[in-house]
Amino acid sequence: MEIMKKPKIKSIPYEDFIDNESLEKMVKELNEGGANVFVGVLDDLINWGRSNSLWPLTFATSCCGIEFMALGAARYDMARFGFEVARASPRQADMIMVCGTITNKMAPVLKRLYDQMADPKYVIAVGGCAVSGGPFRKSYHVVNGVDKILPVDVYIPGCPPRPEAFYYGMMQLQRKVKIEKFFGGVNRKEKKPEGK
């Protein structure tokens, strides 16, 4: 009976692993050597994982938050889409769902929560109040849309939107995450260099 040899695994020293510079250097070398296929497949794999495990942070101030709670019930089963891990801490969340009216006094709090989230981070504006100010848009104390404070990725209209509309908006965000470039290329927050 032949004993299998233990495979030799090349490891990266911890000092090189702490930051992504060594990984980015390896990707740059692969790109220069003509291995774009490998990087493209790696992009697809990472984006598949990220898109199917988006953890929401809910910032609910009105009736849209109640509709979001219906998503967690057995009838709609949020877990099958990868959104079941709702977080109370912005440091653990991938996206923030702004549900309801945002007042001028609440705007700095929302901005602070967004700033505490790790990159890449996404914003979904849910309901007429978050999208455009809703019926309170002419009031002196209401922000007319979350996009005045944060960069919004997906808008879910409705007053309040049905749970199916929530899912449609979340699936739109999943599609958006799947086509982002993780290695190389231009992401949504970056700009293409001029002249290229």
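Placed from the backbone N, Cα and C atoms, the Cβ positions cover glycine too.
Counting every protein chain shown, 13 other Cβ atoms lie within 10 Å of the Cβ of C159 ([4Fe-4S] cluster binding site). Sequence annotations record features per position, and here Swiss-Prot assigns [4Fe-4S] cluster binding site to C63, C64, C129, C159.
For C64 ([4Fe-4S] cluster binding site), other Cβ atoms within 10 Å of its Cβ number 27. The sparsest Cβ neighbourhood within 10 Å, among the listed binding-site residues (C63, C129), is found at C63.
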